[in-house]
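Engineer: Okay, these came from Swiss-Prot:
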- Glu104: active site, proton acceptor (ACT_SITE)
- Thr26, Gly27, Ser28, Thr29, Asp82, Gly83, Ala84, Asp85, Lys95, Gly96, Gly97, Gly98, Lys122: substrate binding site (BINDING)
Amino acid sequence: MEALKKLAGVTAAQYVTDGMTIGLGTGSTAYYFVEEIGRRIKEEGLQVVGVTTSSVTTKQAEGLGIPLTSIDDIDCIDLTVDGADEVDKAFNGIKGGGAALLMEKIVATPTKEYIWVVDESKLVDHLGAFKLPVEVVQYGADRLFRVFERAGYKPSFRMKGDKRLITDMQNFIIDLDLGCIENPCEFGRLLDQTVGVVEHGLFNGMVDKVIVAGQAGVTVLEANQST
């Protein structure tokens, strides 16, 4: 599995060219993309500037000598490469298994070309088998948890050890065990309208390419060619 993740990440790095501002994703597959960018800077003299999606990726990028800038100092990003936890046939996805969904969506939004790197196990017919992360403010989080519980969403707080995980943005994450999300766009809008929800892990209609690594090799799926 790690070999497939590395293959996807290295393939995505081939889309990066000199002078780009690039979004550096978070997670076990995006990790290999960031590593390959670091290698290309060192060995090929690649000239890029990165925008990171988590404190973990920031630390990795700094260790590799990748020049970084703040999302607040730019107006657009040429290319962002990130992982995904599930991708359906309509190119909607669930992200946030690494608890970085808020920063990931902020970086994805001004991106000209948004690429996901996944292994073939992440391709699904329907989203929802992977628990949907919902980032919520700490104030009122328990009340919101009960709202989700009454709605039948089977919520659970994301934990780190015996304490609730706190995201880079100082929020909690409530994971929803939905089983199957029949209409991701509609459910995303519902969460968007829920007071106390900062962001959710449904990335609907955002991705341009999905690079899939499988036993047979690498496949590049183009969202704009889907029917």
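Note: Cβ is positioned from N, Cα and C throughout, glycine not excepted.
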Engineer: For Asp82 (substrate binding site), which residues in the same chain are close in space, meaning a Cβ under 8 Å from its Cβ, but six or more apart along the sequence?
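Structural biologist: Sequence-distant Cβ neighbours: Gly23, Gly25, Thr26, Gly27, Ala30, Thr53, Lys95, Glu104, Ala108, Tyr114, Ile115, Trp116, Val117.
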Engineer: If you count other CB atoms within 10 A of each CB, which of Thr26, Ser28 wins among these binding-site residues?
Structural biologist: Thr26
Engineer: Fewest other CB within 10 angstroms, which one of the binding-site residues Lys95, Lys122?
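Structural biologist: Candidates: the binding-site residues Lys95, Lys122. Fewest Cβ atoms within 10 Å: Lys122.
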Engineer: For a quick check of packing: other C-beta atoms within 10 Å of the C-beta of Ala84 (substrate binding site), how many?
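Structural biologist: Around Ala84 (substrate binding site), other Cβ atoms within 10 Å: 26.
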Engineer: Here are some recorded positions: Gly97, Glu104. Which one has the most Cβ atoms within 10 Å of its Cβ?
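Structural biologist: Selected residue: Glu104.
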Engineer: Any idea of the Cα spread of the substrate site, Thr26, Gly27, Ser28, Thr29, Asp82, Gly83, Ala84, Asp85, Lys95, Gly96, Gly97, Gly98, Lys122, as a max distance in Å?
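Structural biologist: Greatest Cα separation within the listed binding residues comes to 16 Å.
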Engineer: Could you name the residues, excluding Thr26, Gly27, Ser28, Thr29, Asp82, Gly83, Ala84, Asp85, Lys95, Gly96, Gly97, Gly98, Lys122, of the same chain that surround the substrate site, i.e. Cβ within 8 Å of the Cβ centre of those residues, in sequence order?
Structural biologist: Gly25, Ala30
